[in-house]
Amino acid sequence: MFENTNPDVMLKMKKYGYLAFWAIMVPLVPFSAFVGVESGTQDYWAWFMYAFIFGIIPVLDYLVGKDPTNPSEDVQVPTMSEEVFYRVSAIAMGFVWIAVLFYAGHIFMNNGYGLLGKIGWIVSIGTVGGIIAINLGHELIHKDPKVENWMGGLLLSSVTYAGFKVEHVRGHHVHVSTPDDASSSRYNQSLYNFLPKAFVHNFINAWSLEKKYLERKGKKNISVHNELIWWYSISALFAATFGLLWGWQGVVFFLGQSFFAALALEIINYIEHYGLHRRVNDKGRFERVTPAHSWNSNFLLTNLALFQLQRHSDHHAYAKRRYQVLRHYEESPQLPAGYATMYVLALIPPLWRKVMNPRVEAYYEGELDQLFRDGKRVNNIA
């Protein structure tokens, strides 16, 4: 639909498109709560956001189509990178999420949900949190200004996943697409094999990386200098606040939405690097990270929803680049659809392998020794 749009027009549309998307999406949260109560079917409407994100968005994403537009490196990138509007937009959306979270806690306790409805509301809000809190948190923790970096930490704390702030930057970005990275899924590895390892490793590794960092600085691990202690303390404060407002069920809601937000993140991690590995050079070392080591997706609608996270190839090659100037690389491995669609496919391993394994094999054509399966090199596809 927009593939032949004038690049300057497209960039202007996208500038306001990120907020416009969420100006439509966020009101759907109270809408689903209201319609559920008015119709007397609140237990079913509690699942609306989850169903909309992974049922309707994939269809709309396909219909809207792709966005090949890249800003010009010499003129537009320097200007756009410094525009305050983009920074304020990201931070403002962070505060919107905090408001949504507390509103959702109120609805959880006062909308007359049965067990089915309570589970559905937790899943729906957790999924929204995975998109807003963790996605924006991810964008902001890569930035140097303290206001942005701290906001990223606050957003991750709001879904009890602060370890991501440390492990992602100091662990994942260093070891991405190697067997040392638990957030890089292996060729033929199922999502359900990937998830437990990712959750456990990333939590433990975050504390290990912070400890090593503090040791290099000559500071004690268990001290006020350990940022993970601060961020997890903020998570505890969130939980305590929900407990004071709504009792033990408020705590259950907060921890439940946190789990599903983190789950959404790790499923996206599974998608982003599936089967891709940095080649081993003649010296036995992994090559440097390039746009070839992440799957790229250029579907416009989901890129607006995710602040261009799907241009993941450029993000890993140049981690400090701001979301508005991330580039599409046609030569990077390309996903056949946006993340919302790929999320659904990942839940069904046979279907996922049918779609993705041929793409991985094509990428490594003539280099099967570079493929890994279960931590071992693959010598043949069979």
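Cβ atoms here come from the backbone N, Cα and C positions, even for glycine.
Not measured: the values here are computed from a predicted model.
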**Asked** Which one, HIS168, HIS173, HIS175, is listed by Swiss-Prot in the same Fe cation 2 site as HIS312, HIS315, HIS316?
**Response** HIS173
**Complete:** Integer Å value for the Cα distance linking HIS142 (Fe cation 1 binding site) with HIS173 (Fe cation 2 binding site) is 11
**Prompt:** Which stretch from 17-37, 45-65, 88-108, 236-256 shares the most C-beta pairs under 8 Å with the transmembrane segment (114-134)?
**Reply:** 45-65
**Request:** Calculate the distance in Å between the alpha carbons (Cα) of HIS316 (Fe cation 2 binding site) and HIS168 (Fe cation 1 binding site), and round it to a whole number.
**Result:** 11
**Asked** How many Å separate the Cα atoms of HIS168 (Fe cation 1 binding site) and HIS315 (Fe cation 2 binding site)?
**Response** 13
